[in-house]
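Have a look at the structure below before the remarks.
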């Protein structure tokens, strides 16, 4: 089997691409980074360093090559040849690749290819593949829409693996370092044709429970560790979470967001408490050097209505659950400053010019005046 994977960055190589290759697939990475693509084409393999309490080893990933995703003709040709398409490009890039996907699907169908094809976006967002499908359909010729609905599966997924950036290795410049833990859960109800047998890909018919469990716990906790750690003067996630006051705050935030999950999906409280502890331990992994600015980047996206801070807060409001720590976490996110991050600069500018209340309303889209006032007060008393 052959897979086309968009995004040859650390997540693509260290997580999704590795699982596909480990399952015997030939993996073609598509990316705009010429140097990475040239290395993939010439070396046809790379190393993945897996680190944790009980493991510190390098595994080779083979049967890989690359294509420049700006080469639309090559991408369209590959869409007709492959059995699976995956992405790990970041939520903002899905809009950009959608027009190429539309052209490629039109060409595949126009050429008489009636084999089903599944597309899985492996992004840090809720129902990222459904979003990609919407974007693709805005570019799709109406004459092809019925056939695309019939033959192309747009499969939502939840992904979880911490893959921090590392300095390139001189001998193996494609080497990527990852934590031992990984989780890739896909919505089995959305596949067309046979579901591919991929080691490490779990199937579920209740994906939203796992999407929100990850978003409300790993993503919420990671962001809060970053924002509060930065606020306290730390540079790395590991040193932030080793500060007992940071750890206690992050845990209390995850407990509040966890109460929403328990109420909404019936998760076992003890099992979820253990899941929180496992995540706190992952943040403290001594082998992962993860910068708070990498984790905290794009604060406006992370403060948006359906993302890791506001969505769990909305759940606490819906169910009448405690949320003092989530309120404080959002206030801490508002304090994030980074001269190299356009969103952080925009956030600081809005706070200075429009004030905290209008900034909260604009970027979070919250309507509840009392909740907005509580966030504003928490921000002003940081």
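Placed from the backbone N, Cα and C atoms, the Cβ positions cover glycine too.
According to Swiss-Prot:
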- 3, 4, 5, 6, 7, 8, 9, 10, 11, 12, 13, 14: NAD(+) binding site (BINDING)
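Residue 5 (NAD(+) binding site): 28 other CB atoms within 10 A of its CB, across all protein chains. Neighbour density around each Cβ, counted as other Cβ atoms within 10 Å, peaks among the binding-site residues 7, 9 at 7. Looking only at the binding-site residues 3, 11, the densest Cβ neighbourhood within 10 Å occurs at 3. Taking a C-beta cut-off of under 8 Å and a sequence gap of six or more, residue 13 (NAD(+) binding site) has these contacts in its own chain: 29, 46, 48, 61, 174, 176.
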